[in-house]
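Step one of this worksheet: look at the structure below.
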Amino acid sequence: MMVNVLRRYPIALNIFWVFLVILVPTPLLLALFVSMGSIATDQRLLIAAGIIAYTWWLLAVFLSTRPKWLERAVGLPKMYLLHGCLGVIALVLAFLHEHYMVSMGQWIIVTGKLAWYLTLFGVLFAAFFMSGWIVDHFPTAANVKIRMQKVIKHQFSIWIHRLNIVAILLVWLHVELIGRVNGHLMFMVLFELYTFGVLGYYGWYKLDQKEGKMAGKVVKNRRLNAKTFQLTLEFQDNVPNLLAGDFLFFTFPTLSQETHPFSLTNKPSEKSHVVVLTIREVGDYTKGLSAVTVGSSFYAEGPFGQFSRIIESEPEKDLTLIGMGTGVAPLMSIAKRYHSRRNIHLIWTVKNKEDEFFRSELENLNDNRLKSFIQVGRVTTYELSQLLSEREIKENRFFVVGSSLAVLSVERSLKQIGVSKQNLSDERLTM
Ligand SMILES: Cc1cc2nc3c(=O)[nH]c(=O)nc-3n(C[C@H](O)[C@H](O)[C@H](O)COP(=O)(O)OP(=O)(O)OC[C@H]3O[C@@H](n4cnc5c(N)ncnc54)[C@H](O)[C@@H]3O)c2cc1C
């Protein structure tokens, strides 16, 4: 019920976020200030800034465990956005606390300063390497990132990001050392519950991920062209409830313990436990994965994704699907699932002729409800205006999938020709 309300009404979602970020620090603030009695207002504000920053970092850690119920309501990108915003705003509050609060104890100062510098580094690093906040808007920064990613791989970035847990433990120690705080029993009980509740849950989530609740075997590994291959996987334990266009985080233990997201290319069905993935070799992991053998085991976390839910919630809308490169994978899944019920226009752009590996499959699917268009090279704004009818532009639901920069560029073009923001949904395959 709540999930449906959050999904349907953006205002409900905003109220939910505001409520959540106010609610989370409130018990700690009340417990401390009631117990402390009267203190100067500036001191009170600075202490409050520190407590709010700390609880928001804990909330950000909780969100990093990708809670399923929340993902189903709002989608992973919005969860990651809140995760990032909390990190940044908490950093500002922590700065006020660290900079203006007077403290006498040497270790109190050292732990506080270390935590602050560590989170400052963590936030700047994540903003550049793990989000599109900087690189999506500055092409030079994007080029620098692409070059640096040859050395600083995504998996390394994840480990750097985990330094935030060390920062949280430093803040925990910092608070434990403050004499005028650690004597307030109710506050300290809540403080320990918050800290070890969230860190314990995070640790359990990581272990649970490794256990691999949804597991299965590779049943086919087929090459589509020099750079792309298709894996067919069969779930054996705890088959997930998959919807068209969903993605999952996969781990192939024979390769490594890393988890990487890939989208469904096939039409999921209740009877079949099979998923088909279309994967482009872009880096070390995907290159290694291309050689995975039949019979190898895998496990998965998910499913995630909003596409099918959006489609089901708008029964009157036809669909325009725009995929760049392997971004077509989830769109193939949607096309196969919905072309008997909706009018679908699928536009697929590829780098070169050899990348048109779905051409014949799409031609077979083409009928009076599905039309597809394949082009070598990106579509320009003008080409889009020629390809799409007035009715499509005004009324259709658009799904755009590809690398972050390609998605943003196509979305800019779509807006220029009159597609409204409300009708645009996307999935970005790069970070
Ligand atoms: C929601 C989603 C669905 C995706 N679906 C597909 C698909 O169906 N087919 C396909 O070929 N690719 C898909 N991708 C992209 C795929 O996950 C990456 O190409 C792959 O993880 C790259 O790993 P690498 O080590 O080979 O390359 P790298 O050189 O390490 O990375 C290449 C790019 O992928 C990003 N990336 C690397 N590892 C991860 C990770 N663990 N999680 C998220 N991003 C990562 C990097 O930030 C970089 O932008 C999807 C990505 C997302 C976010």
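Placed from the backbone N, Cα and C atoms, the Cβ positions cover glycine too.
If you look up TrEMBL, you'll see 12-33 (among others) marked as transmembrane segment. Away from its own ends, the transmembrane segment (12-33) comes close to residues 5-6, 39, 44, 47-48, 51-52, 54-56, 58-59, 73-74, 78, 82, 86, 181, 184, 186-187, 190-191, 194 of its chain (Cβ-Cβ under 8 Å, at least six residues beyond either end).
Look at TrEMBL and you will find 45-64 (among others) tagged as transmembrane segment.
Taken from TrEMBL, the feature transmembrane segment applies to 76-96 (among others).
Here TrEMBL flags 116-135 (among others) as transmembrane segment.
Feature annotation from TrEMBL assigns transmembrane segment to 156-173 (among others).
Taking Cβ pairs closer than 8 Å, the transmembrane segment (185-204) reaches residues 27-28, 31-32, 35, 55, 58-59, 61-62, 64-65, 165, 168-169, 172, 175 in its own chain, all 6 or more past its ends. Among the features that TrEMBL reports, transmembrane segment is placed at 185-204 (among others).
The average pLDDT for the domain 'FAD-binding FR-type' (211-310) in the predicted structure is 91. The domain 'FAD-binding FR-type' feature in TrEMBL is assigned to 211-310.
Remote same-chain residues near the transmembrane segment (156-173) are listed as 54, 57-58, 60-61, 87, 111-112, 114-115, 118-119, 121-122, 125-126, 129-130, 191, 195, 199, 202 (criterion: CB distance under 8 Å, separation of at least six residues from the stretch ends). Beyond the transmembrane segment (76-96), the same-chain residues lying 6 or more positions past its ends with a Cβ under 8 Å from any Cβ of the stretch are 13, 17, 21, 46, 49-50, 52-54, 56-57, 59-60, 63-64, 66-67, 70, 115-116, 119-120, 122-123, 126-127, 131, 133, 164, 304, 428.
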